[in-house]
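For 60, 62, 65, the entry in TrEMBL reads active site, for OMPdecase activity. Marked as active site, proton donor by TrEMBL: 62. The substrate binding site annotation in TrEMBL covers 11, 33, 60-69, 119, 180, 189, 209-210. If you look up TrEMBL, you'll see 5-225 marked as domain 'Orotidine 5'-phosphate decarboxylase'.
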Ligand SMILES: O=C(O)c1cc(=O)[nH]c(=O)n1[C@@H]1O[C@H](COP(=O)(O)O)[C@@H](O)[C@H]1O
């Protein structure tokens, strides 16, 4: 089966623009991400409409709570039939293991991944919350915890992908937001990389929102990025 590398972040306030964009796209070109804003506004009904069109969905709700609450939320998310769900690795080992068990016991089992350190954050943001580690140290620590807790992979910046690909193995799923084509606006992202460089660094999937959704022609923007990454593969450092 074709395995599109781009996951478009449908960061919209309502269903209509999300469905209008989906209607211009093919499931062979990309997967779609529904996050907090759109899911809070529309609920599971929109997921059904997107899945009916053949798209695989990353439900990005970044659960972070006590183990039981997180596990029940993951169970509920799995029952929606989505392709991928996520939690925050900062919730700790017990929470990660509870989430993993909840997904493993579900009839439908989405990929379960953990957010390490948000791509909007830089060294000084870690200092603000009392963490003395560098972003690379922090991401490696949380990714190792996620892997040891049995998760399928992590969300990280592509700047950490090469390190994690070497330390966590070829099967570990590295989902990288903070992707910006050369010359594109960074918006609120901090740790960024271009699409091709991200795949060469070892990313499994690229999460891309505004560079596509805010483009004058989102379909053309997606096609241009897909063209740029044809044949791009991990290049071991
Ligand atoms: O979990 C995520 O998807 C995520 C994690 C992270 O560390 N950084 C990050 O930007 N994201 C999401 O990825 C998308 C990036 O969107 P753009 O910055 O518009 O490309 C947004 O929907 C974010 O919520």
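In case you wondered, yes, glycine gets a Cβ from its N, Cα and C as well.
For ligand 1, the nearby recorded positions are 60, 209; that is, of 60, 61, 64, 65, 209, these have a C-beta under 6 Å from one of its atoms. Across the residues of the domain 'Orotidine 5'-phosphate decarboxylase' (5-225), the predicted structure has a mean pLDDT of 97. The Cβ neighbour count for residue 64 (substrate binding site), using a 10 Å radius over every protein chain in view, is 18.
Across the structure, residue 67 (substrate binding site) and residue 60 (active site, for OMPdecase activity) place their CA atoms 18 angstrom apart. Residue 61 (substrate binding site) is surrounded by 17 other CB atoms, counting those within 10 A of its CB over all protein chains shown. Counting Cβ atoms from all protein chains shown, residue 11 (substrate binding site) has 17 others lying within 10 Å of its own Cβ. When secondary structure is read from DSSP and collapsed to three states, residue 67 (substrate binding site) falls in the helix class. Put simply, of the binding-site residues 11, 119, 209, the one whose Cα is nearest the Cα of residue 60 (active site, for OMPdecase activity) is 11. On the backbone, the CA of residue 119 (substrate binding site) and the CA of residue 62 (active site, proton donor) stand 14 Å apart.
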